[in-house]
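*Asks:* TrEMBL feature annotations, pasted as is:
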- 6-421: domain 'Enolpyruvate transferase' (DOMAIN)
- Lys21, Gly93, Arg121, Gln168, Arg344, Arg386: phosphoenolpyruvate binding site (BINDING)
- Lys21, Ser22, Arg26, Ser166, Gln168, Asp313, Lys340: 3-phosphoshikimate binding site (BINDING)
- Asp313: active site, proton acceptor (ACT_SITE)
Amino acid sequence: MNQQFEKINSLNGEIFLAGDKSISHRAVMFASMAKGESIIYNCSESEDVYSTIKCFKELGCEFELNNNTIKIIGKGFKNFNKPQNFLDAGNSGTTTRLISGILAAQNFESTIVGDDSLSKRPMKRIVEPLRLMGANIEPSEHGTLPLKIFPSFNLKPIEYTLKVASAQVKSALLLLALHLEEESVIIDPFNTRNHTEKMLNLKVEETSEGNKIFCSKKNYPKSFEINVPSDISSAAFFIVAALITKNSEILIRNISINPTRIGVIKILKEMGGDIEILNQKEECGEEVGDILVKSSRLKNIEIPKEIIPNIIDEIPILSVAGIFAEGDFIIKNAEELRVKESDRIKSLCENFKKVGLEVIENSDGFILSGELKNNYAEFDSYGDHRIAMTFAILSSMLGKGGVVNGFDCVKISNPKFMEQLKSLHF
Ligand code: S3P
């Protein structure tokens, strides 16, 4: 579907977004693993989280969905049903990589498949360390899906330092570790998102090598209720839109402000963004707050290497803030962008060229400079939800608007994006 956008002059009002996608995936997984009934309030409405739900239905868990409230009857320790079909993770890297750790501990064979984009994404990053724990796991000859997982009789704990800055890899290892009596220790030198650790209440020590996370069967989840805070990554699109349009003021309620996720707020504030976090509190172990954003004059800053893992999903929309800011927008040390739902370095660079910007593409990032020369453009989503929403916002800033081709992929993270954007301008 090709979506047309008209110029937006200003954004005003209040919005409430659905639950954070990363937290919702984990809530569905932990509730499915626990024995008995759990309830998730304000669950993400994303297609990705439905992919996780579908996989656990196939494994015998029961789900009752009522708007954003989900009741789950979980199966308990190593009690999943053997799946009768392939487990279809759709477009979701988080589903694939996290569920692999759980499946590696089961006494049955399973196969994970996914759509074209997911089938190209690298899986060796989980296969190699899971094998060090004794997992019997086989990717395709290209190190991708389909991923076949067989029972293993010699699983063992691990002490392992992450080689890639990936919360998905870290979580896959922790989820397998939950099935072992002896403790595993995973060291995360990159400070990647820590929802798995927080939600499972794992012991974490900050050391000079990174965060040392301890995990064993004693941390296996029990049934629970959770109210999922709203998604900061979805909020980022509206935050940037409000900053770069004149006379804007928006309030986004009850957002997850977990320190490993708010890199985007930190960078935008350093760029001169008028952003305030109000009503800060803790809910179900995660920090939440309301985010108030006002139009601002922005200037580009140097984005430090260490913060890249904390802004990895927000770099696309941050780059739109960057082209409306004084100076060049420079991203480096972000090679991980090449293996997301699309090659995001390429998707961004190709699209930015369409508005006449000077674009330099590097292996680990890109540089944007010059002026917006065109007042209308037709952008491509590359089937990637965050690219689609990024260029929806840029289209809305152009004098004569723009079009985003293949826009339906926004449902992967936020199916209500259009109505939320419309509710903020009239
Ligand atoms: C996620 C981790 C990140 C992020 C993804 C969600 C998670 O991926 O990009 O959208 O929920 O753990 P990586 O672990 O590949 O960096």
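Numbering starts at 1 and runs along the chain as displayed.
Each Cβ is built from the backbone N, Cα and C atoms, and glycine gets one as well.
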*Asks:* So which binding-site residues out of Lys21, Arg26, Arg344, Arg386 are up against ligand 1, CB under 6 A?
*Replies:* none
*Asks:* List every residue in the same chain as Gly93 (phosphoenolpyruvate binding site), at least 6 positions away in sequence, whose Cβ is under 8 Å from its Cβ.
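*Replies:* Listed in sequence order: Leu118, Arg121, Gln168, Lys340, Glu341.
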*Asks:* Across all the protein chains here, work out how many other Cβ atoms are within 10 Å of the Cβ of Ser22 (3-phosphoshikimate binding site).
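*Replies:* Excluding its own Cβ, Ser22 (3-phosphoshikimate binding site) sees 28 Cβ atoms within 10 Å.
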*Asks:* What binding-site residues in the list Ser22, Arg26, Ser166 lie within 10 angstroms of Arg386 (phosphoenolpyruvate binding site), counting C-alpha atoms?
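*Replies:* Cα within 10 Å of Arg386 (phosphoenolpyruvate binding site): none.
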*Asks:* Give me the non-local Cβ neighbours of Asp313 (3-phosphoshikimate binding site): same chain, 6+ apart in sequence, Cβ-Cβ under 8 Å, ordered along the sequence.
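*Replies:* Once residues fewer than 6 apart are set aside, Asp313 (3-phosphoshikimate binding site) is near Ser233, Ala236, Arg386.
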*Asks:* Restricting to the same chain and to sequence separations of six or more, state which residues have a Cβ under 8 Å from that of Lys21 (phosphoenolpyruvate binding site).
*Replies:* Ser44, Ser46, Asp48, Val49, Thr94, Asp231, Ser233, Ser234, Ser413
*Asks:* Tell me which residues of the chain lie with their Cβ under 8 angstroms from that of Arg26 (3-phosphoshikimate binding site), as long as they are six or more apart in sequence?
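*Replies:* Those within reach of Arg26 (3-phosphoshikimate binding site), by Cβ under 8 Å and sequence separation of 6 or more, are Leu98, Ser171, His195, Thr196, Met199.
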*Asks:* What three-state class does DSSP give Ser166 (3-phosphoshikimate binding site)?
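*Replies:* Where Ser166 (3-phosphoshikimate binding site) sits, the three-state DSSP reduction gives coil.
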*Asks:* Sorry to bug you, but what's the C-alpha spacing from Arg344 (phosphoenolpyruvate binding site) to Ser166 (3-phosphoshikimate binding site), rounded to the closest Å?
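*Replies:* So the Cα of Arg344 (phosphoenolpyruvate binding site) lies 16 Å away from that of Ser166 (3-phosphoshikimate binding site).
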*Asks:* Distance check, please: Cα of Arg344 (phosphoenolpyruvate binding site) against Cα of Ser22 (3-phosphoshikimate binding site), rounded to an integer number of angstrom.
*Replies:* 19
*Asks:* Neighbour count, 10 Å Cβ-Cβ cut-off, for Lys340 (3-phosphoshikimate binding site): what number do you get?
*Replies:* 20
*Asks:* For a quick check of understanding: given the listed 3-phosphoshikimate-binding residues Lys21, Ser22, Arg26, Ser166, Gln168, Asp313, Lys340, what is the maximum Cα-Cα distance in angstrom, as an integer?
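*Replies:* Taking every pair among Lys21, Ser22, Arg26, Ser166, Gln168, Asp313, Lys340, the longest Cα gap is 19 Å.
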*Asks:* Within 10 angstroms of the C-beta of Arg386 (phosphoenolpyruvate binding site), what count of other C-beta atoms is obtained when all protein chains are considered?
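*Replies:* Within a 10 Å radius of the Cβ of Arg386 (phosphoenolpyruvate binding site) lie 28 other Cβ atoms.
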